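As given in Swiss-Prot:
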BINDING   20  substrate binding site
BINDING   50, 54, 56, 173  Zn(2+) 1 binding site
BINDING   56, 161, 173  Zn(2+) 2 binding site
ACT_SITE  60  active site, proton donor/acceptor
C-alpha cells in the first residue's frame, strides 16, 4: 500500500449491521427500480443516526445543545494520532498519562474489544469523565473510539459525553482500527450537513503522514 493512499476506518453499512437495542434498524432498498422508472435505480435508506461510524452532537444528550449543522467542521479534518489502549475496561487520565500527546489535536483509541459489526456488544470499554480536562489541557479537540459509545452502554447520565463537549472535545464513535498501526495520520470524518440532527454518519478515512 502506498503511503499516500487513504485507508477506510468506517463500518460498512448494510442490512446486517448491528444497531443499538431498541433503535431503528438499518435498511436499504431500491424503492424505484430502473424497470419502473425507465432510466435509473433509486434507493431508499432508513437508519438511526447512531448506526455505524458516526459523530455525536451535543443535542444528542442535551436539549439545548448544538446540532450537527452548528459544529465546527474543521475539527473533523486534520492530523490524528492512533494509540492502543486494548485490554482496559475503562480509560481515563491515569491510563493516558504515559502516552506522548504533545501537539496532538485529534486522538483515536484502539480498544480492540469487539470488532463484530454485525453483533452489538454486551459490554464495552468506556471513558472516565476525568479524561475530558486532561485532553483539553493537551489541546485535543476530537476523541474517537472503536466502540458504539464513550460511556457505558447502560449508563443514563452520559457523564463522559457531557464533560467532553463541556471541554470543547468532539466525539467520533464506531471507527474500525484493527487493520491500522499506531501512529500519526491525516483524518477526514466529515458529518453530513444535517440542520436539526443530534449526530451524523461519517465516512472516516485516514492516511499516514
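Glycine too: its Cβ is placed from the backbone N, Cα and C atoms.
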Where residue 50 (Zn(2+) 1 binding site) falls in three-state DSSP terms: coil
C-alpha spacing of residue 161 (Zn(2+) 2 binding site) relative to residue 56 (Zn(2+) 1 binding site), in angstrom: 9
From recorded positions 50, 54, 60, 173, the one whose Cα lies nearest residue 161 (Zn(2+) 2 binding site): 60
Number of other Cβ atoms within 10 Å of the Cβ of the residue listed as 'active site, proton donor/acceptor' across all protein chains: 21
Count of other CB atoms lying within 10 Å of the CB belonging to residue 161 (Zn(2+) 2 binding site): 23
Per DSSP, three-state class assigned to residue 20 (substrate binding site): coil
Cβ-centroid neighbourhood (8 Å) of the Zn(2+) 2 site, 56, 161, 173 excluded: 55, 60, 61, 149, 150, 151, 164, 171, 172, 199
Binding-site residues compared (20, 54, 173) - the one with the fewest other Cβ atoms within 10 Å: 20
Between residue 54 (Zn(2+) 1 binding site) and residue 60 (active site, proton donor/acceptor), the C-alpha gap once rounded to whole angstrom: 12
Closest of 20, 50, 173 to residue 60 (active site, proton donor/acceptor), Cα positions, binding-site residues only: 50
Near-site residues: Zn(2+) 1, ref 50, 54, 56, 173, CB cutoff 8 A to centroid: 49, 55, 60, 148, 149, 171, 172, 174, 199
